[in-house]
Structures are given as C-alpha cells and as structure tokens.
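Under the heading active site, proton acceptor, TrEMBL lists 232. The annotation glyoxylate binding site is assigned in TrEMBL to 5, 110, 145, 232, 235. The FMN binding site feature in TrEMBL is assigned to 58-60, 87, 108, 136, 208, 230, 263-267, 286-287. Annotation source TrEMBL lists domain 'FMN hydroxy acid dehydrogenase' at 1-337.
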C-alpha cells in the first residue's frame, strides 16, 4: 500500500510515464577539447549556496518508508551539502528536523481553509531557520489516485498538526487522504493571496506547480522570488504535460528575472544536465530519495544523492562543461529540433 502511495500517479498514469520518457527524447551535444580537469557544480538558489544543482523535493510522510523518516532524509541531504525541502505533510515535527543537523532547508506549504494553520506553519518554519517557503499551488483538490483508493490508504496522524487538526477522517469512498484533502485544502486560493502570504513572512516565496508561460508571467507580477516547474510528480492532473517538455516555455517567459527550479521525472545525472541546459537553476528529486530511504535509511538517501552528483559531474566533463554556468542551450537537442532538421 505504501509503495503504491509513493510510486503511483493520477488516473491512467500517462503523465507519470511521460515525465521519465520525455527525457529520453532529448539528445546531449557534447563538446570536446575543453579543460575539465576540475568540474565545479556549486550553485546558488535564492541566495543559498549548495554543492550541486540538486535538491530534495518535498515528499510526504517519510516514516512510511523508514522509521526515522524526514530526520534521516535531512541528515543525508546535509551530509551531501544539498538543500532539502521539508514537506508540509512531514511525519517528523519541523523542530525535530531542524535540530537534527546543521543545513540549509526550505519549507513546502499548502494553504488550508483554516488559514491560521498555514500561517502558524510558516512562522514555525521561519523560527526554526528554514530559508525559503515553497508554496504548492497546483492542489485546489487532490488528484484522483486510484491505487490509494483501491488500497483504502489511511493517513497517519502528523505531529506538526497535533492539537490543530486530526487526520481521522472517515469515508466509505476509499482513500481517507482524498477525504482529508477535500476537508482541508483551500480551493479558493488565488493569485491575490500571494500578498497575504508575503505579509506573514520575510522569507523568499517560490511557487511550485507552474506549467505555462502565462502562469510564469503571473508569478513574476505578484513578486515571488522563484518558481518551480512541476506537475506534482504526475499525481494531480493526468494528461498534463511532462515537465521537461514545458520547461523552456517557462524559461523564455521569465527571461532570467527570477530563478526557475525543476521537478519531475529526474532519474539520472544526464536528466539533470538536460534540465540545466534548458534553463533550470536546479532540479528536485522526489521518488528516488524515497526509494533510497526505504532501502537503507539515511545511508540510502545519501547514496542516491551521491550517485546523482557523480553522474552529473561525469556528464558535465564528457560534455565539455567545467562549471554549471558552462551548460548552455547549445548542449542539447530536443525531439522537435531533430524533426525540424530532418525536414
């Protein structure tokens, strides 16, 4: 049941499959005779330095994968000098994660109908040293995740919400996670509410869930610090585009004014390289981190992040890039460009 929860997508899971397959259709154009005796992957994300353009994506309920949960993930991310985005739906209290190790961390936010709960979470994150808020904005309602419904998936009580809300939602329609979301998520959330969020925190705010140039422009108009191109791991709207296929559309709309992060389908260092070449500042890693956590706890997450860093470094060296700044649009060719060349 828990594997299905982590691995599954919405409805027919077409977008879930395409998130990964779309990377396969992008070709790398390596350059030769470049000095790559040293490869520098250092990256800055909203003023925070990190060893590589790789972040841990906000994924819920890590204790379903391993007893140490988000604390183990946080320690692994810290040891790899990468930024972890702690999920709003964490099973470990954010204070427990914050005190587990010294590292740069961001906090992912949902806005609930009871706005005071979301405001409290933002204030707690700020108090505990989190460096940015990532607002997930693609979830006015939860996507139709059929595996969870079939399995009658039950959400455990989340420590961050003790005394605030209960996850004991009773339903005869399958997954109580869907019922819990329906009861709590604020479907009225809209662009004007970014002003409210900015009024309650001094932390930089990024919006996660953008897939179009129109929404990228709106995000800049309301003054956010960055955006995340994401389709929620293909768990919301099936037949929405694979994220890598729309990344460049968003990049062209933003024109470098704010950083664009990327989420969805990254499984290899070559995938990271392709996303960077198309304009992303960094990528977020979701399911691979969870699988590493389930396999070997903190060591498993560390191994996943180390593998991706090693693969990215090798890809950069073999492509003639000695730093992430050297990775350009000329280093990749999309499927559309290949078809155009044949014509």
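Placement of Cβ uses the backbone N, Cα and C atoms for every residue, glycine included.
The Cβ of residue 60 (FMN binding site) lies under 8 Å from the Cβ of 87, 88, 89, 90, each on the same chain and at least six residues away in sequence. Cβ neighbour count for residue 267 (FMN binding site): 15 (other Cβ atoms within 10 Å of its Cβ, all protein chains included). Closest in space to residue 263 (FMN binding site), of the recorded positions given as 110, 232, 235, is 232, taking the CA atom of each residue. The record assigns 5, 110, 145, 232, 235 to the glyoxylate site; their largest pairwise CA distance measures 19 Å. For the binding-site residues 5, 145, 235, a Cα-Cα cutoff of 10 angstroms around residue 208 (FMN binding site) retains nothing. Separation of the C-alpha atoms of residue 110 (glyoxylate binding site) and residue 232 (active site, proton acceptor): 13 Å, rounded to the nearest whole number.
Just so you know, the Cβ of residue 287 (FMN binding site) picks up 20 other Cβ atoms within 10 Å once every protein chain is counted.
Between the alpha carbons (Cα) of residue 235 (glyoxylate binding site) and residue 287 (FMN binding site) lies a span of roughly 12 Å. Taking only the Cα positions, the spacing between residue 108 (FMN binding site) and residue 145 (glyoxylate binding site) is 21 angstrom. Fewest other C-beta atoms within 10 angstroms, among the binding-site residues 58, 235, are seen around 235.
Listed recorded positions near residue 5 (glyoxylate binding site): none (candidates 58, 232, 267; Cα-Cα distance within 10 Å). For the pair residue 232 (active site, proton acceptor) and residue 145 (glyoxylate binding site), the Cα-Cα distance reads 12 Å.
Note: the Cα of residue 265 (FMN binding site) and the Cα of residue 145 (glyoxylate binding site) are spaced 18 Å from each other.
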